[in-house]
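So the structure is just underneath, and the comments pick up after that.
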């Protein structure tokens, strides 16, 4: 090789070396801090400014950036005390490639942007909590390339598109994956490795989306899963037997289109609510028994056929004897007679030329004449009827609810529900005393008349001599409502959903004892009217977010409405549409979230509730606020049951309850001790 050639090679080598050094310098100069500030912040924030993300700037120490945690390559966390050393100034940290993002936690942070593709570039990122925001767009493929990620919560956003298959790349580390309450759709992708078991995965929540297709059977290979939620999607077909093998502690398959026989879950605690809202053909414990089994083995089928053939002779002979005996009967019971018999809790029926009165416990003294001749005074009008205060001939009063024509289901569907409602007796529920149906189909529900004020008027109306509402009194009202709801949900063989919880449907007496009205009425209404009730709940601010899709109330939607009601009690603010033209909407949970972010939580409480309170924390106000926000969680499975709500309210009573026993004290009369 000549000298010129050697010189040429030396020059080439020199330039390659310079280029390599330049590239290395560039890479070392780019850090997770720069990436977060340059790409992630703008993408997540969107068009509206987030108070949390405002701390992400060069003038604020990196360790004080809100919603993030940092760690060095050696595993030691970044502490603010480190900034006392010159080597840990913001300038040096911005360029330090050994500083890594460990956790991104920004729930309820008013994020209106999208998930950036660059999120996959954080090599040591372990947790991403971006739930309860307004993020849109798709889940980037690159999220599945974050090799250290173990906890992901993207619930309660507006993410759309399909779930990228790369998500299952995280299987080795993933412990919890939640995307509940988005607009994701399509068939769930299977892991690339056919035998992938996602051994560490414990929580998988894909509910509240639009996923379709058959049950994703690969999930049955995830042996470590303890909590599985596929609710409120459009899955269909059979639920695989393999699901029964998993050691699940929580399961929700409700509001899909699953059919056939459920697998054997052994001695599980799953109730019917875990499977409600599917195809009527879905059967097996805890639902109705299956008429025939689609899972029988060939041997079992053969045995069943032989048994049926041998039993056919016996059945035929019994049937002949029964028919011969039937002919000898002198009278045949009508369908109505059969429908109205054998009701142990029903006191009796009183029939006349104008219709039929079915009376329940406490309504024994009512007669048809009493009901038809009572003089009425309109108390309230709703989309499905009118409530009257009716004066009886003996001077007593009853409350009559006349159901609007066309609102109620047919008699055969309506009467069993009416009878169930007539059996309910609880001190925090207004009892149904009787039911009247006229010859022309008119229907009346008859209740005790209670000359009490509604909670709505107590909180929001300015009336003379209205009692002061200190915290002790508000707590008693809230606890009474919770107890009534808990009884509806768990105190019956068949749970009752209230379906219309609002402050107008709570009556409060002079001693601040609360009673719920209008429970269970959606069950007797035709679907169009039931939908109207749900729409009104949205207008009034009590509608649970999942009802946008399924429009069928359930215990969890009752819990959500109770959470709004508890916030209304604590804050003294009316939820829902407001203003002269109803063009403003008051979202109570959002007001609380904003106050928490701005560190002004104490300002959300009604001043009247705060009177005399030295420590809202000790008096249970702050705990009640947290409980209310838990009830209002966008993800249904996060919400507590009403039994748990009652327990928490009982355990966190106001310390000074003396003001409960002064019912005559009013806002204008005296200073409340609270």
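Glycine is treated like the rest: Cβ placed from N, Cα and C.
Swiss-Prot has this to say about the protein:
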type     : residues : note
CARBOHYD : 57       : N-linked glycosylation site
CARBOHYD : 90       : N-linked glycosylation site
CARBOHYD : 95       : N-linked glycosylation site
REPEAT   : 100-122  : repeat 'LRR 1'
CARBOHYD : 110      : N-linked glycosylation site
REPEAT   : 148-169  : repeat 'LRR 3'
REPEAT   : 173-194  : repeat 'LRR 4'
CARBOHYD : 183      : N-linked glycosylation site
CARBOHYD : 195      : N-linked glycosylation site
CARBOHYD : 252      : N-linked glycosylation site
CARBOHYD : 257      : N-linked glycosylation site
TOPO_DOM : 324-674  : topological domain 'Cytoplasmic'
MOD_RES  : 334      : phosphoserine
MOD_RES  : 375      : phosphothreonine
MOD_RES  : 454      : phosphoserine
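A map of Swiss-Prot features onto the structure.
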residue	record	DSSP (3 states)
57	N-linked glycosylation site	coil
110	N-linked glycosylation site	coil
183	N-linked glycosylation site	strand
195	N-linked glycosylation site	coil
252	N-linked glycosylation site	strand
257	N-linked glycosylation site	strand
375	phosphothreonine	strand
454	phosphoserine	strand
Point to revise | Stretch-averaged pLDDT - the repeat 'LRR 1' (100-122) | key: 89
Review point. How many helix, strand and coil residues does the repeat 'LRR 3' (148-169) contain under DSSP?
Key: 5 helix, 5 strand, 12 coil
**Study point:** Neighbouring C-beta atoms (10 Å sphere around the C-beta of residue 252 (N-linked glycosylation site))
**Key:** 22
**Study point:** Candidate with the highest Cβ count within 10 Å, taken from the recorded positions 57, 195, 257, 375, 454
**Key:** 454
Point to revise | Pairwise Cα distance for residue 454 (phosphoserine)/residue 57 (N-linked glycosylation site) [Å, integer] | key: 51
Exercise for review: In whole Å, note down how far the CA of residue 57 (N-linked glycosylation site) lies from the CA of residue 183 (N-linked glycosylation site).
Suggested key: 33
**Study point:** Positions whose Cβ lies under 8 angstroms from the repeat 'LRR 3' (148-169), at least six residues beyond its ends
**Key:** 107, 115, 123-142, 175-186, 188-193, 196, 198, 200, 205-206, 208, 211, 545, 634-635
Practice item. Return the residue, from the listed glycosylation sites 110, 183, with the maximum count of other C-beta atoms within 10 angstroms of its C-beta. Key: 110
Review point. Cα distance, residue 257 (N-linked glycosylation site) to residue 195 (N-linked glycosylation site), nearest Å?
Key: 28
**Study point:** Nearest recorded site to residue 252 (N-linked glycosylation site) by CA-CA distance, among recorded positions 57, 110, 375
**Key:** 110
**Study point:** the residue listed as 'phosphothreonine' and residue 110 (N-linked glycosylation site), Cα-Cα, nearest whole angstrom
**Key:** 55
Revision key, fill the gap. Expressed in Å to no decimal places, the gap between the Cα atoms of residue 257 (N-linked glycosylation site) and residue 57 (N-linked glycosylation site) is 49
